[in-house]
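**Student:** Next up is a structure, given as structure tokens.
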């Protein structure tokens, strides 16, 4: 049988060790070590027709009609169309074992777990694994059963080799040969009249001994592809050596009539029987063998050498030679032409035998196909039921996990929102307390300043009353100095206020930037995975707490510094007040010289302070320019590095795209060349592809169902 199995799916192995007439054609190297049978041949039982189909109906002159349904041909690997085929030729022993066990060969093929998952995408892995284990256990049990049945078939063949034929069977075979010899006028008449009226019983053949039984001894059953069973070969050689004294010139041959006497009924019964593949072929006709009676034929193979060297074939060839010599006036026919004629006659006889065997096999396989379809429907219903249960359980689990995850996410979001609100509330309270403290300190300082000024004015008024002119002059000088000091103090206070405002603005800008960055980070993390959001929020919360603690420490430090500055200003003011009182007393005693000296000292101090302020401003501007230049240089360096990296990446991308295009063009050219080569070979061989055969089989099956 020819299995239309692609080379990549061949398993190249049988149910057991190869023996007798197993034949494997063109099995790829990666499948030679397989232990499983080449059971993919069952795909031809209900899926596709065989590739090399023997034109059997032509041999009968159109008298036998082919079956309209798909059928299985067990003996189509002898035709010339099957030679050179890429597909597996399975063993008749393996097929017979499958037929006896009511197992389709495709059921012995191993299937991957991915195939079961792909058949039903909704099934869970647990259900798929259970189905896979059940299928694998059932497959191994069927495989073991078929192997045991095949071993039993081989043992029956060995027993037949050692069992001598009875004299009654030998006499019946000789009588049938003598009766068929006169009626064989041509190759067609010989082949049609060589079948007996009824099959000879095996018990009668075993009962009576006869010297002619050696002529009916079969030759070694050799494989058609050159692979022979060494055990059967050695047994047949020993058998042939033991009977060589009685066999004569044709000791290792069968006649066509003796082969037909082995099991099969007359051709009239086979010709009048129902076509293979029809519904009526499921029942056995009175003269047709069932699947269990196919053992003698499907268990062994008869080569052309057995048929071409039989005495009947030799007599037929001699008669044809005499007729040709008489009609054409030729002197003689070469031995090579005689052998060719004998081979042609033997081939015709074997085709008739194979036709009878095929007719019986078609009926049995059609019955097996119907049973297999019913079993497959039951298995499919059970599989769909298990699949639906697994799908419902899986959907319930998924819904439960989805609800639990949603609740956890909502709870985490509410918890994060509460933490954020609490942190914002703490920050606002801290800012309010700090503002209140700053206002209180400013009011206290202003109140103390007013009290100090009032006290100074009262003291000055009392001293003015006692000191008159000098005091008035001193008061005038003091007021001028006080005005200058007030202006200087106002400038200092304005400077301090501006610095405080700048610091507050910078702090507020930094805080806003942090808040904006925080908001942007939260938005980006919310768009990402929720798991990474929790980790990022934790880190951001820690950073925010660190920032709040740092800002609190800075505010405390600034408050401490302001308080220290206030104390220092107060001490400086008190010190200045004491110095001023001493200076006023010295001025009152010393006069104009001391007053001029004080004026010069004050002017020098103001000038020095102005110079220091100008120098500090110049240094700050210089530092700012240096920082700006450094930042610009860093930006230029980063920009150049980025441009260089982009250029290198573009070059690499272009290089990869060129390589990809060249590889794609090379692959396309190779594919086009392969396609044209295959098309040329297909045109020359005029063979059908596997896909086309599958489509034709599906089309014929659909038309037959309609």
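Here the Cβ of each residue, glycine as well, is placed from N, Cα and C on the backbone.
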**Student:** From the ranges 316-349, 656-689, grab the one Swiss-Prot calls region 'Disordered'.
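**Tutor:** That would be 656-689, per the region 'Disordered' entry in Swiss-Prot.
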**Student:** Report, as numbers and ranges, which residues of the same chain sit near the compositional bias 'Basic and acidic residues' (374-391): CB under 8 Å and 6 or more residues beyond its ends.
**Tutor:** 120, 122-124, 126-127, 130-131
**Student:** Could you give the residue numbers and ranges of same-chain residues that sit at least 6 residues beyond the compositional bias 'Basic and acidic residues' (542-580) on either side and whose C-beta is under 8 angstroms from one of its C-beta atoms?
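**Tutor:** That would be 423, 426-427, 430, 434, 437, 441, 445, 448, 452, 456, 478, 503, 507, 511, 514, 518.
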**Student:** Quick one: give me the count of other CB atoms within 10 A of the CB of residue 310 (phosphoserine).
**Tutor:** 25
**Student:** Give the three-state DSSP assignment (helix, strand or coil) for residue 310 (phosphoserine).
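**Tutor:** Looking at the DSSP assignment, residue 310 (phosphoserine) belongs to neither helix nor strand, so coil.
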**Student:** Kindly state the mean pLDDT of the coiled coil (362-604) in the predicted structure.
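**Tutor:** When the pLDDT values over the coiled coil (362-604) are averaged, the result is 83.
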